[in-house]
């Protein structure tokens, strides 16, 4: 399916709803699939693509060439040709898990300043078993830039709360901004109740909404830079003026080198998400051998192996 101008996306999305159609986590850098500086190429020749036209999908687009579990929600979008290459359940409302953090980053980049000092309050105290945390304590301080790196690379849930509590007037007000921003970019079938993505009632997105949100976040150079990083190191401060050294690795298997993309595809980066309710989720920015950009998203995969197997198959469609 072809794409439409961003100024029309909200109108078109609403219209499609009416007629029951479905809309189409000091620094160290690592770029596993190319010796060239991918980040530089993104900044120089791809920003206009992300900022201009967006895709709308009227129905599933599956030709049998990709083996995808029926419960998965998946989409593959060619950003230069402005076409949807694959779509499965893209308008079904599902739990996003930590893909939520992309919207958190988008709102923070829009309303905050990278050198802004964030101070931890009791809001960072997350007690959910198994929740990914960096270990923030009340009184800890770091910049928004540091927090965004920890949020997007390591997927720390307490970093999400730190950001939300310091920008926009507190966590509740920040979440309101998340929902307002979603509507502004045309992601009208999602709703957020927290900035981290831990399971909560009335917290949901669609795969198509995640495409829109990711696409909007790509307009920020800092976001592009962060999602391309496989590791990150920094130091932040405790309330008693002591310091904490942080050395983290990406949750993205392609960037870590645990998983292999097709040989002609360069995985630039993205965001993972996993909870019992959401299953396993991943959204990526990738480029083909000619440098053409694509966004690929899979949600609700049954396990990690299935997620990466299906994502690799989705990326292979770029070369077919």
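Here the Cβ of each residue, glycine as well, is placed from N, Cα and C on the backbone.
Feature annotations, reproduced from TrEMBL:
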type	residues	note
SIGNAL	1-25	signal peptide
DOMAIN	76-302	domain 'Peptidase S11 D-alanyl-D-alanine carboxypeptidase A N-terminal'
ACT_SITE	98	active site, acyl-ester intermediate
ACT_SITE	101	active site, proton acceptor
ACT_SITE	155	active site
BINDING	271	substrate binding site
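Take the CB of residue 271 (substrate binding site) and look out to 10 A: across all protein chains shown you find 33 other CB atoms. For the domain 'Peptidase S11 D-alanyl-D-alanine carboxypeptidase A N-terminal' (76-302), the mean pLDDT of the prediction comes to 98.
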